[in-house]
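Okay, so here's the structure we're looking at.
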Amino acid sequence: MNPAHLLILAAVCVSPLGASSNRPMPLNLYQFKNMIQCTVPNRSWWHFADYGCYCGRGGSGTPVDDLDRCCQIHDNCYNEAEKISRCWPYFKTYSYECSQGTLTCKGGNNACAAAVCDCDRLAAICFAGAPYNDNNYNIDLKARCQ
């Protein structure tokens, strides 16, 4: 299977269209969800799963705003992490901690886990600093993300 298709498949696992509380999710995406909840406790993580052109499944075109740009940067960060031997970011778990809204990737992570943890940590911090525009949730990707 094409790696790009694998990434899209993994991203769809968190899509609110088919998500339920008992549906399995790749462990890394579960950790990323928890990081988002650490930095943005007042908004459910699934609000970020289908936002703009880059948050959630795939990504193309010009980001619609700063929050969408956070997701584009996160996608690019995962693409860089994939260059590490045997590193599959959507499935790589890592050690981190959340303390009072502050995320820290722990030192015991291998190169892949450290890279993926940092991608997720930086994205969660970026999400916390970017305004959320309800009009950019669940947009028409074909019309707005060319």
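Glycine is treated like the rest: Cβ placed from N, Cα and C.
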Between Cys98, Cys105, Cys126, work out which one Swiss-Prot annotates as bonded to Cys117 by a disulfide.
Cys105
Which residue of Asp66, Asp75, Asp118 does Swiss-Prot report at the same Ca(2+) site as Tyr54, Gly56, Gly58?
Asp75
With the disulphide bonds as Swiss-Prot has them, who is the partner of Cys112, out of Cys77, Cys87, Cys98, Cys145?
Cys87
Secondary structure at Cys105 (disulfide bond) (DSSP, helix/strand/coil)?
strand
Which residue, out of the disulfide-bonded residues Cys105, Cys117, Cys119, Cys145, shows the minimum number of other Cβ atoms inside 10 Å of its Cβ in this structure?
Cys145
Using C-alpha atoms, which one of the recorded positions Tyr54, His74, Cys119 comes nearest to Cys145 (disulfide bond)?
Tyr54
Out of the disulfide-bonded residues Cys87, Cys98, Cys105, Cys126, give me the one sitting nearest to Gly56 (Ca(2+) binding site) by CA distance.
Cys126
Which number gives the other C-beta atoms within 10 angstroms of the C-beta of Gly56 (Ca(2+) binding site), all protein chains shown included?
23
